[in-house]
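Marked as domain 'Glutamine amidotransferase type-1' by Swiss-Prot: 11-205. As annotated by Swiss-Prot, active site applies to HIS179, GLU181, with the evidence given as sequence analysis. Positions annotated as domain 'GMPS ATP-PPase' by Swiss-Prot: 205-418. Feature annotation from Swiss-Prot assigns ATP binding site to SER233, GLY234, GLY235, VAL236, ASP237, SER238, SER239; the stated evidence is sequence analysis. Residues or ranges marked as XMP binding site in Swiss-Prot (evidence: similarity to another entry): ARG306, ASP480, LYS535, GLU541.
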Amino acid sequence: MTEAIHSQYDSILILDFGSQYSHLITRRCRELNVYCEMLPCTQKIKDLDWKPKGIILSGSPYSVYDEVAPRVDPDVFTAGVPVLGICYGLQEIAWNHGGKVDPHDKREYGHAMVEVVKHGVPHLDALFKNWEGSVQVWMSHGDQLSKAPEDFVVIAKTPTAPFAAMAHKSKPIYGVQFHPEVTHSLRGVELFDSFVDICACRRDWTMETFIDKEIKRIREIVGPKGQVLGAISGGVDSSVAAKLMHEAIGDRFHAVMVDNGVLRTNEAAQVYEMLSKDLGVNLTVVDASEQFLSRLKDVEDPEQKRKIIGNTFIHVFEAEVAKLEKQAEDEEAAALAAGKPQEAKGKFEYLLQGTLYPDVIESISFKGPSATIKTHHNVGGLLEDMKLKLIEPLRELFKDEVRALGKLLGIPAHLVGRHPFPGPGLAIRILGPVTREQVKILQHADSIYIDEIRAAGLYDQISQAFAVLLPVRAVGVQGDKRTYDQVIALRAAATTDFMTATWYPFPAEFLSKVSNRITNEVQGVNRVVLDISSKPPATIEWL
């Protein structure tokens, strides 16, 4: 029986009421080396199989007086642990304790200055123990308390919000009307730091401790002879998951990378060199580029491209796994025939997947999964077809934690800091039919763009950068001749969470250099344009 994560780490429970900022609360606590977990606000305390050290109630787009407003389980307030309500969370605390919440004619959106009110009582002053005077915070509310509950006192106020923060007179229950989880609240991290102290949490959630405990957990799950399969893309998540699995069970982990013909320049060879030769991972690279490209021929619809790539991937992966299983059976038979049963390995029972915590958050968020904008490429279909059990060693981690874990595992910095790359690869960055010629054009242009970003020392300042091949042609003049060639669009996004993003403001000299190189070196391209769209309204990828 594997040890539950809550028995290994002191944990804070975050109840999500549908706020766009809920995931940030989780991140802020993790950054303080405290494990925390987000669950929907409908979670009943009595149904938890673990006891949190503290509970945080998130904000919400609802009003507490709405008939359909989400309600917190009243047992939260009798669980005997500290509680912190944020925005709607404060209002929910007040609503449950006899306070009054009303719509306000002076709504607060944006920056505000809160004045801390000290009482000279340790537990009342604990949340703002290091704050003095007025502090800039971020407000985003149309409702506010018009009457505080009798058992609460004001611990912060603004000119328009007399109950900007409150504390229970005798219990460790606190509420703040502002959003300490966003960076616009200048001392928000200090507030969470104080709440962690109030909860008396051990601050031992680090990637150093995670490695040892996760390796132990993997070994308990897989057993001494079990074998694990893993589909590797060469991205950060799958590479870190593969290296962690290799550390846990060695060559009983079999990684398979499928070259689908729409990878970046020399990607398959580079990943093999790094994972197999440098890090010792048992990796097989399957060149199925012809198979993928033949099925993608004349296909323009992005969803159809995704489906073709997903289905073809499963077919190729299953065929390779059949070979590995046959090899394993032959090795087992040979070991038994030689009278060496201890050398026989077990069957393939598990499939490694690099699920991250944001994927988990999306699935359990109170407002439910967002409307599907794009079909995500994953290996879920393999589980049904191959009857494998899923093993997800990274499912508790955010992206920055995965990168930190990768560095500790010895993965080179240039790989753990790599920009995200979509599962369908360049097929969804070619806005038209996918042919080998189109792939080569985009590979070359993208390679120039990324090389110049690295040479300028900008790569780590940008969250994601790539080139897109547009389905249009433009008139140009090259070598005194009229040309009618293709157009490349450059995209670079800056973001902290990939939920919102801004375009990266390159210097004009940089853009000129990249444009000149692409139009001079990439045959068939005579024009380069820059995408300056933010997310929203645009997504980071074009398709």
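Each Cβ is built from the backbone N, Cα and C atoms, and glycine gets one as well.
The Cα atom of SER238 (ATP binding site) lies nearest to that of GLU541, taking the recorded positions HIS179, GLU181, LYS535, GLU541 as the candidates. Around the Cβ of VAL236 (ATP binding site), the same chain contributes LYS399, VAL402, ARG403, GLY406, LEU415, VAL416, GLY417, ARG418, PRO420, each under 8 angstroms and 6 or more positions distant in sequence. In this structure the residues listed as binding XMP are ARG306, ASP480, LYS535, GLU541; their two most distant Cα atoms lie 41 Å apart. The Cβ of SER233 (ATP binding site) lies under 8 Å from the Cβ of MET257, PHE421, GLY423, each of which sits 6+ residues away along the same chain.
Mean pLDDT of the predicted structure over the domain 'GMPS ATP-PPase' (205-418): 86. Using the Cβ center of SER233, GLY234, GLY235, VAL236, ASP237, SER238, SER239 for ATP, the list of other same-chain residues with Cβ within 8 Å runs, in sequence order, ILE232, VAL240, ALA241, GLY354, ARG418, PHE421. In the shown protein chains, 5 other C-beta atoms lie within 10 A of the C-beta of ASP480 (XMP binding site). Annotated pair GLU541 (XMP binding site) and ASP237 (ATP binding site), C-alpha to C-alpha distance, rounded: 19 Å. Here the binding-site residues are GLY234, GLY235, and the one with the most other Cβ atoms within 10 Å of its Cβ is GLY234.
HIS179 (active site) sits 22 Å from LYS535 (XMP binding site), taking the CA atoms of both as reference points. It is SER239 that, of the binding-site residues SER238, SER239, has its Cβ surrounded by the most other Cβ atoms within 10 Å. Here the candidates are the binding-site residues GLY235, ASP237, SER239, ASP480. The one whose C-alpha lies nearest to that of GLU181 (active site) is ASP237. Cα spacing between ASP237 (ATP binding site) and ARG306 (XMP binding site): 20 Å, rounded to the nearest whole number.
Nearest in space to SER239 (ATP binding site), taking C-alpha to C-alpha distance over the binding-site residues ARG306, ASP480, LYS535, is ARG306. Within 10 Å of its Cβ, the residue among the recorded positions HIS179, ARG306, LYS535 with the fewest other Cβ atoms is LYS535. A gap of 18 Å separates the Cα atoms of GLY235 (ATP binding site) and ARG306 (XMP binding site).
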